[in-house]
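Novice: Pasting in a structure now, in structure tokens, and then I'll have a few things to ask.
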Amino acid sequence: MKGIFSALLVPFDDQGRIKEQGLREVIRNNIDVQQVDGLYVNGSSGENFMLTTDQKKKIFEITHEETNGAVKLIAQVGSINLDEAVELGKYATELGYDSLSAVTPFYYKFTFDEIKNYYETIIEATGNNMIIYAIPALTGVSMSLEQFDVLFQNEKVIGVKYTDGNFFMLERLRKKYPNKLIYSGFDEMLIYGAVSGVDGAIGSTYNIHGNLAKQIFEMVQQGEVASAYEVQHVMNDIIEKVLELGLYQTLKEILNVKGIDAGTVKQPMSSFDPAKREAVEKLVRDFNL
Ligand code: SI3
């Protein structure tokens, strides 16, 4: 369960339907070209929170079938509809996903006891392992070290996908929990996570440059931090441009330019602006993506 995981992008058509063949192409690119160690399925990058339960199941199913055991699979099943989270957790567990993950419940100001109950309910109903998905910038849920302590008491909580820039907290978690899996969540900060001793990283941009992320991660593990930093500079030149042009739209357009059918994003996100196509083609050329 260690290494670089792409947070899987999901191709949609103009009507918001999943492009099944395109999804298979995106998966194959991740495995065969980017050579990532695993896929994080139905996360933010999968536009999960805009999908129906059936669409989420279909994505779990296609991904499991296409990967056929080649890489590790984490199923993000979190939902503020706990019944849905349980249903998806059971579905992914039966398919054979290596672990579940669930975003902290958001929108309402849930108490910590409610958050704890949410995780325990999914774990008890599925019997599967759980990776907490902490992303305070989007959920508004910022857990304290003491709250992580409580959740980590459950041995089925095997780790955390830590999408935060609080490296003091990351260091504290690493020191206190050497045996829990910690995944770095912000691709542009991968090197800081790597020197903090994370077990892996999960990110959207690894769909287009997972190979660079692997280099950073491996260089740091071999003590070649200065070289890793050079690669992070390159990765961040790409990410900076992607963020400027529009995150998921641009990642998909890069894949489209390369001949991988990544489709478009799901409304209410707005589709890629064709006026930006030339900038994307230049990005692909300049960085040999
Ligand atoms: O699917 C997912 O849950 C993610 O990709 C989460 C991951 O932390 C990404 N965050 C978001 C909100 O997309 C990052 O990979 C992020 O896209 C990247 O660092 C660019 O900012």
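Just so you know, glycine gets a Cβ as well, placed from its N, Cα and C.
So TrEMBL has the following annotated:
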- Ser44, Ser45, Thr163, Gly185, Asp187, Glu188, Ser204: aceneuramate binding site (BINDING)
- Tyr133: active site, proton donor/acceptor (ACT_SITE)
- Tyr133: active site, proton donor (ACT_SITE)
- Lys161: active site, schiff-base intermediate with substrate (ACT_SITE)
- Ile202: pyruvate binding site (BINDING)
Novice: Return only the integer: C-alpha distance in Å from Gly185 (aceneuramate binding site) to the residue listed as 'pyruvate binding site'.
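Specialist: Just about 5 Å between their Cα atoms.
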Novice: Determine the recorded positions, out of Ser45, Lys161, Gly185, lying near ligand 1 in the sense that the CB is under 6 Å from one of its atoms, and give them in sequence order.
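Specialist: Only Ser45, Gly185 meet the Cβ criterion.
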Novice: Inside 10 Å of the Cβ of Glu188 (aceneuramate binding site), count up the other Cβ atoms and send me the figure.
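Specialist: Within a 10 Å radius of the Cβ of Glu188 (aceneuramate binding site) lie 17 other Cβ atoms.
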Novice: Spatially speaking, which of the binding-site residues Ser45, Asp187, Glu188 is closest to the residue listed as 'pyruvate binding site'? Use C-alpha to C-alpha, please.
Specialist: Asp187
Novice: Name, in the order they occur in the sequence, the residues of the same chain whose CB lies under 8 A from the CB of Thr163 (aceneuramate binding site) and which sit 6 or more residues away.
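Specialist: Residues satisfying the criterion: Tyr133, Ala134, Ile135, Pro136, Ala137, Gly185, Phe186.
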Novice: Report, as a single number, how many Cβ atoms besides its own are within 10 Å of the Cβ of Ser204 (aceneuramate binding site).
Specialist: 22
Novice: Rounded to the nearest Å, what's the C-alpha distance separating Glu188 (aceneuramate binding site) and the residue listed as 'active site, schiff-base intermediate with substrate'? Just drop the number here, would you?
Specialist: 15
Novice: Where among the binding-site residues Ser44, Ser45 do you find the Cβ with the fewest other Cβ atoms within 10 Å?
Specialist: Ser44
Novice: Can you list the residues of the same chain, besides Ser44, Ser45, Thr163, Gly185, Asp187, Glu188, Ser204, whose Cβ falls within 8 Å of the aceneuramate site's Cβ centroid?
Specialist: Ala7, Phe186, Ile202, Gly203, Thr205
Novice: Specify the secondary structure state of Ser204 (aceneuramate binding site) as given by DSSP, simplified to three classes.
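Specialist: SS state of Ser204 (aceneuramate binding site) = coil.
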Novice: How many Å lie between the Cα of Ser44 (aceneuramate binding site) and the Cα of Lys161 (active site, schiff-base intermediate with substrate)?
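Specialist: One finds 12 Å between the Cα atoms of these residues.
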Novice: Using the alpha carbons only, what distance in Å do you get between Asp187 (aceneuramate binding site) and the residue listed as 'active site, schiff-base intermediate with substrate' once rounded?
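Specialist: The residue listed as 'active site, schiff-base intermediate with substrate' has its Cα 12 Å from the Cα of Asp187 (aceneuramate binding site).
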